[in-house]
Structure formats: structure tokens, C-alpha cells
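Participant: Just lifted these from Swiss-Prot, have a look:
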- C380: active site, nucleophile (ACT_SITE)
- H514: active site (ACT_SITE)
- E516: active site (ACT_SITE)
- S13, D146, I147, E148, K186, T187, K188, P189, T190, Q191, K222: CTP binding site (BINDING)
- S13, K186, T187, K188, P189, T190, Q191, K222: UTP binding site (BINDING)
- S14, L15, G16, K17, G18, I19, D71: ATP binding site (BINDING)
- Y54, A353, F381, G382, M383, Q384, E404, R469: L-glutamine binding site (BINDING)
- D71, E139: Mg(2+) binding site (BINDING)
- 291-541: domain 'Glutamine amidotransferase type-1' (DOMAIN)
- 1-265: region 'Amidoligase domain' (REGION)
Amino acid sequence: MARYVFITGGVVSSLGKGIAAAALAALLQARGYSVRLRKLDPYLNVDPGTMSPYQHGEVFVTDDGAETDLDLGHYERFTGRSANSQDNITTGRIYRNIIERERRGDYLGATVQVIPHVTDEIKRFITTGNEEFDFVLCEIGGTVGDIEAMPFLEAIRQLHNELPRQNVIYVHLTLMPYISSAGELKTKPTQHSVKELQSVGIAPDILLVRADRPIPETERSKLSLFCNVRPTAVIQALDMPTIYDVPIAYHKEGLDSEVLSAFGMHPAHKPNMDRWEDITHRIHHPEGEVTIAVVGKYTGLKDAYKSLTEAIAHGGLANKVKVNIEWIDAELFEREDPTSTLRKVHGILVPGAFGVRGAEGKMRAIQFARERRVPFFGICFGMQLACIEAARNIAQIENASSSEFCETKNPIVGLMTEWLKGDVLEKRTKCGNFGGTMRLGAFAAELKENSHIAQIYGMTRIYERHRHRYEVNIDYKDKLEQCGLVFSGMSPDGVLPETIEYADHPWFIGVQYHPELKSRPFDPHPLFSSFIEATVEQSRLV
């Protein structure tokens with residue numbers, strides 16, 4: 001039977017509960033245990049699919065098409081296990097399920113209430129489908145004390161009594177701030193956070209304390225005394241140079257041993273940390289460095305491109321180089337020539353986005369990469385803009401644009417009005433709902449034999465994750481190919497363009513899907529490995 005670890009956060013948000021959960025899962029895996037990670041988000045949105053990237057950050061898409069929290073990306077990258085739609089739940093989804101059941105009459109006329117109906121639905125989500133796992137780690141979003149998190153805290157409190165003894169523990173992540181005027185770390189915020197948690201009936205078994213400097217033993221003893229946890233269960237979580245340093249750091253602090261001890265488990269074998277030590281060695285001892293420009297729309301918030309940032313780093317690991325990212329707001333190139341900025345970089349990447357803002361600036365960056373033979377990688381929207389740029393500047397198609405931007409006689413990119421979902425043909429219109437209406441999840445693509453991208457993959461049939469509402473218009477394929485743009489990948493039915501490239505360019509590839517979502521530190525995505533390899537070659541020419 002699975003054992004449950006519930007991870008809560010206190011004092012402030014953005015302490016890194018997702019990284020803490022992923023790191024603990026990696027440590028348990030290194031000891032030979034099977035682990036599942038789940039995220040419970042208290043917001044009322046059904047999913048983050050329609051939320052602004054500036055508010056929520058990246059939307060992480062799973063193989064089965066769920067739009068989920070970006071922490072699931074950390075879970076996948078640290079454990080190598082693919083998440084699915086059942087690994088992330090929101091208050092909105094919980095309430096939607098309950099209302100649907102109430103309308104069907106499933107509650108037999110009962111008054112539907114937060115307790116027991118909402119909490120029962122949360123508990124059902126937490127405990128379903130865990131038979132094959134040794135541990136289930138559940139991260140509770142938000143901060144203790146948030147009113148919207150109360151049903152989740154009540155649900156995990158109840159599970160402590162409903163599951164067998166020693167099958168549930170609580171890890172509380174908190175902050176110990178340093179007050180420079182006093183010259184000391186302060187324990188009081190953590191004490192109050194634990195007090196708030198205890199007020200809802202939850203007593204943490206382990207305190208994971210974030211700090212920017214080592215915590216003195218006297219302060220750890222103080223936390224142990226006032227927060228009612230064992231001295232060894234006060235684990236310091238110091239700031240690390242990279243997130244991939246965290247598992248080793250937590251192991252050295254004894255987090256995994258303390259978790260097993262809390263469950264009454266005393267394994268004889270230490271975890272095998274060899275691959276984590278290899279990764280951190282590569283990160284801190286690169287054999288060179290390159291610089292790439294990411295020309296994007298949401299560059300003001302790096303969390304909007306979290307998986308992309310990590311995938312680029314993985315490409316650097318594969319090539320034993322440090323990759324410096326120069327974040328460029330695409331609107332900059334709508335006001336000025338990109339040459340002075342881009343001539344210094346070794347590669348250009350245009351990531352996914354929605355809407356017309358910054359599109360012209362991105363196309364100027366794409367034109368620069370094409371004409372100057374700089375390695376270029378276009379993802380989703382980046383591929384679509386590469387096709388529009390070719391239509392305008394090579395094929396000389398008048399008013400070439402996207403129907404997402406404006407009405408045009410030559411929509412190189414158009415709205416997907418219908419596609420198969422399972423065996424059902426779904427249709428949507430411009431006035432329909434936006435939530436869950438995109439092409440989402442893993443789909444197959446057929447790559448041309450001997451194309452550059454097929455050589456990179458080492459195969460001609462691939463499965464990649466998609467998240468898009470618009471597609472390159474197949475009606476313009478022949479005209480664009482006559483101008484040298486190769487449609488090197490198509491959907492198996494030959495209807496949807498999936499990849500493009502220029503045969504006479506050192507490295508120019510656009511993909512309709514999101515390869516960054518499947519890249520892992522121990523298994524870098526081949527496209528990112530190849531792209532960074534090309535930038536290394538470019539660095540020798542600049």
C-alpha cells in the first residue's frame with residue numbers, strides 16, 4: 001500500500017515546494033522506491049489553460065492532453081516519469097465534478113457541503129490509482145492560511161486518521177529570513193506558520209527550512225522545541241546555484257532518511273546518487289559556453305518559459321557547455337534593427353505564444369537568422385512565423401499573414417476549425433469557448449527520410465506534445481517549398497504541417513509541437529542537443 005507525503009508551504013509563496021517535492025521523489029527513487037507526484041491547486045480555474053502567463057507562468061501539457069501546473073514539469077524532469085491528467089487537480093475541477101454529480105442526483109437529495117462532499121472528492125483524487133507506487137507525494141499549492149486552501153488541508157488532515165497508522169506524514173516548507181540590521185536569522189515566522197497549520201489539526205513531521213545562509217544549531221533546536229518536531233527533522237534548505245543541486249543537498253541534510261524514519265522504515269542501502277553527481281559536475285565544470293537569443297513575448301517573467309529554459313540547459317549538458325540566454329522582448333525589434341543585438345549571439349530561438357503583439361519583431365529575428373545563416377529554432381508560434389516570413393520575403397506572397405492577427409486574403413496560418421479527438425470530429429468557431437479547445441497532448445508526426453530533423457531524431461515517426469489553436473495552411477505548402485522551405489514533417493494523414501527546415505541552412509528548424517516538454521536532464525531532447533551543438537559550431541565563426 002502506498003505511503004503518503006503531504007508537502008505544505010508557509011510564510012511566503014514561491015519557496016519552491018515543487019522543487020522540494022521533486023527532489024524528495026528523486027531521492028526516494030535513488031533508493032529503489034517507486035514514486036508518484038501530485039499537485040493540488042486551490043484556485044477556482046478548472047485548469048491553467050486560459051490563465052495569463054504573467055500570473056501563472058508556463059502551462060505544462062501532459063501526453064494525455066492535460067493543461068497543468070508548471071510544477072509537473074519539475075516532477076517529470078527530476079523523476080523521468082511522465083505525468084498525466086490525474087496528477088493535477090484544482091478547486092475549479094473539484095467543484096465542477098461535484099456540481100455534475102449533484103445534477104445527476106448522485107447525492108440522493110443530500111445538502112452538498114464543503115464537508116464532507118468537497119473534502120471527500122479531494123481525498124478520492126489523492127488516493128485513486130496509487131496501487132503500483134511505494135510513495136505518493138502531494139504538493140498543496142498556496143500558503144498555509146490562504147482561505148482557498150482550507151478544504152485541501154482539511155482533506156489531508158482526515159486522511160491521517162483514515163489511512164493505516166504510519167502511512168501519512170506532513171512536510172512543511174517554510175522560510176527563515178535574515179534580518180541584516182539584527183545580524184541574525186529569525187525563527188518567529190516559521191513558528192507562526194506551524195501554529196497556523198496546527199490550528200487546522202495538522203502537526204508537521206518534518207520542517208524544511210529555506211534560508212540564504214547556514215542555520216545555527218541553536219536556531220534549529222529552537223524550531224524543534226517550539227514547533228514540536230524532532231531536532232533531526234529540522235532540515236535546512238539552503239539556496240542552491242541550480243535546481244539540480246537540490247537533491248544532493250537535501251540528501252546531505254538527511255531529508256530522505258528522516259522521511260523514511262517518520263514512516264518507521266530503516267533501509268540498509270544508501271541512495272545511488274551517481275547520475276546526480278555527474279549532472280552537477282557538468283553544470284559547474286563546462287568546457288565552453290555559448291549565447292542564444294530567445295525572442296519572446298513573455299520575457300518579463302521567466303516562469304512563462306520554464307520548460308524551455310530547462311531544455312536549453314539540458315542541451316548544454318549534452319554538449320558540456322554553459323548556455324547563456326539573452327532574453328529579448330520581441331517588440332524591441334519592431335522599433336529598431338535587430339542586427340546590433342543578434343550579431344553577437346550564436347543561436348536564435350523563437351518560442352510559442354499567442355496573439356499579434358511582438359509578431360513582427362519575431363519575424364525580423366527569423367529573417368536575420370535565415371539570411372545570416374545563424375542557427376534558428378522555431379517552436380509552435382515560432383514555426384508559424386517562419387512560414388509567414390518565407391511567404392513574405394521569399395515567395396513574395398502579398399499580404400501574407402495569420403488569421404489570428406487580422407483578416408487576410410493569404411492566411412499562411414489559420415484557425416484549426418476541426419480535428420479528431422478520439423473518434424469524434426470536434427468543431428469550434430471564433431466565438432466559442434477557449435478553455436480546452438486546442439490541439440493538446442501527444443500526437444504522431446511522420447518525418448521525411450534523410451531530412452535534417454529525421455537525422456537528428458534517428459527515426460521517421462515521432463510522438464510529441466502539442467498546444468496550439470492555429471496551424472500552417474496546407475494550401476501554401478507547394479508554393480513555399482518551391483522557394484526552398486522544406487515541410488519535413490507532417491501529421492500521419494498528411495494534412496497538418498509539423499516541421500519545417502531549409503536544406504541549404506546550417507541549422508534552421510521549426511516545429512509545431514513543444515519538444516521542451518519532454519526534455520529531461522538525464523535524457524536531453526535531441527532537438528535541443530542538436531541546436532546547442534550547432535551554436536557551438538557557430539561560436540567558432542563569430
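Backbone N, Cα and C define each Cβ position, glycine as well.
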Participant: May I ask which of the binding-site residues K186, K188, P189, K222 is closest to C380 (active site, nucleophile) if we compare their C-alpha atoms?
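Facilitator: That would be P189, nearest by Cα distance.
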Participant: Could you state the CA-to-CA distance between M383 (L-glutamine binding site) and I147 (CTP binding site) to the nearest Å?
Facilitator: 43
Participant: Identify which of the binding-site residues K17, K188, K222, R469 has its Cβ surrounded by the largest number of other Cβ atoms within 10 Å, counting every protein chain shown.
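Facilitator: Going through K17, K188, K222, R469 one by one, the largest Cβ count within 10 Å is at K17.
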Participant: Of all the Cα pairs drawn from Y54, A353, F381, G382, M383, Q384, E404, R469, the residues the record ties to L-glutamine, which distance is largest, in Å?
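Facilitator: Among the residues the record ties to L-glutamine, max Cα distance equals 23 Å.
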Participant: For each of K186, H514, count the other CB atoms within 10 A of its CB; which of these recorded positions has the top count?
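Facilitator: Result of the Cβ crowding comparison: H514.
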Participant: Using the Cβ centroid of S14, L15, G16, K17, G18, I19, D71 as the reference point for the ATP site, which residues of the same chain not in that list have Cβ within 8 Å?
Facilitator: G9, A20, A21, H74, E139, L173
Participant: Among the binding-site residues E139, T187, P189, F381, which ones place their C-alpha within 10 angstroms of the C-alpha of G18 (ATP binding site)?
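Facilitator: Checking each Cα against G18 (ATP binding site), the hits are E139.
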Participant: Cα-Cα separation of A353 (L-glutamine binding site) and H514 (active site), in Å?
Facilitator: 11
Participant: What number of additional C-beta atoms lies within 10 angstroms of the C-beta atom of G18 (ATP binding site)?
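Facilitator: Excluding its own Cβ, the number within 10 Å is 25.
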Participant: What does DSSP assign R469 (L-glutamine binding site), in three states?
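Facilitator: Its secondary structure by DSSP: coil.
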Participant: Work through the recorded positions one by one (D71, E139, E404, E516) and point out the residue whose CB has the fewest other CB atoms within 10 angstroms.
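Facilitator: Comparing Cβ neighbours within 10 Å for the recorded positions D71, E139, E404, E516, E404 has the fewest.
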